[in-house]
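Once you've had a glance at the structure underneath, I'll fire off some questions.
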């Protein structure tokens, strides 16, 4: 009987083993997938912790307070840099997307559209003139008086190099031994404020207006003025708390950045100062040449957009009587050139120009923008459209406002940031165009604020992305239409002895009524 049972037991054992083997084979993919997900999470957390540790090590002069009470009492000290922006090596989003053939085809479509604009212009000029007209009178006009622009920029840059840096050194070296630290800090702070407002603020603006620089030349001067003001503020804002921390800790050394670090920051494509940034090992000069070529191509693209889509329309409409139907048609006819100009500004400056300088400086953090085109809310659009400026506004306007007044005033902090941003945008356009017409300011403060609260981060789904794009298209049409009408109105209806109020009143309203 025992001999008869053994084969049956062996068969049962074999069947059990086979079943277990098959079960293990079925569970193996799920088990490996689970292990892989846990391992990926572990590696990501390890990388994040190492980045925080590296940031805190490179900025060891920012000691954290021992308790929350000390942090609350020591209001003269800012949070350590690990609570601020962390720079990491990463590529720009478009560089990654252009590796996909489908996205690269969209880029080729825009190049084909540029070729169509060029052919259209050449054929129309040949039919009208009987010859090919290859002049670029508009570009020559808008970028005129370039020697004045270069000299102005050189003076601004040299002043930004020497004045803020030396003021900070003089203040930092004598702060520890001074018996009147508050008065001394107020004195140097007042000198820095005078330099920011009078030296960098009033000086370039006076030159742009008094020398009657053309629009593009004014844009170069005023945008560089704003950039250098923001850079100088960031340098002082980041380094003053380090000196205060060293004094509080009774350190024997005063943390003063080297002039080379400050010079690198002035050229680097960021508005947040750090002593060190992640760097790439080599410079790809072919990449730099490609980006500058794309900037030049975008410039000619904008030229043909204005020549073919804007100038004929507004040159004729400015001689017609104002009516509501004409205004509505003007806005909708301006949507196409407005959207194209928006794309060109984004691509030429935020992608090509900044990436070219980042490559030459081996600056590794290329996140100058995010996927703003996928935004389903204006809150996300404002955060992702221009990350460079958003970071400055977030850390030095929004967070400093909350630090000073308290975290209960988040709505007031957001309103103040919107106001500052809208005022600076309107200031740039007013100086560059030579007239005050607060269309952009009203769009920012009225529709921008309303959409920011209505189209907030809780809005998800494709329909909200469609709504965002629709409102963005309409806004670009309004901006191109109204500013262009005002430009031509001031050309056709000049005033002999204008008063200060005449510069503030829109000329396009009265000019249309006269005609």
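Going from the start of the chain as shown, residues are counted 1 onward.
Every residue gets a Cβ built from N, Cα and C, even glycine.
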Labelled transmembrane segment by TrEMBL, one stretch among 58-84, 139-165, 220-246. Can you tell me which?
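My reading of TrEMBL: the transmembrane segment range is 139-165.
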Can you count the other CB atoms that lie within 10 A of the CB of residue 425 (active site)?
16
Sort out the residues at least 6 away from either end of the transmembrane segment (285-306), same chain, that have Cβ-Cβ distances under 8 Å to it, and list them.
110, 114, 117-118, 121, 136, 138-139, 337, 340-341, 344, 347-349, 351-353, 355-356, 359-360
Look at every Cβ pair spanning the transmembrane segment (327-358) and the transmembrane segment (466-485), keep those 6 or more apart in sequence, and say whether at least 3 of them are under 8 Å.
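These two stretches do touch.
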Can you name the far-off residues of the same chain, 6+ from the ends of the transmembrane segment (435-454), with a Cβ under 8 Å from a Cβ of it?
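Same-chain residues near the transmembrane segment (435-454) but 6 or more away: 378-379, 382, 414-415, 418-419, 421-423, 425-426, 429, 471, 475, 478-479, 482-483, 486-487, 490, 503-504, 506-507.
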Please work out which recorded stretch in 106-127, 186-209, 409-429 has the most C-beta pairs separated by under 8 angstroms from the transmembrane segment (139-165)?
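That would be 186-209.
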May I ask for the residues of the chain that lie six or more residues beyond the transmembrane segment (106-127) and have a Cβ under 8 Å from a Cβ within it?
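Residues packing against the transmembrane segment (106-127) from afar: 98, 133, 297, 300-301, 304-305, 307-308, 343.
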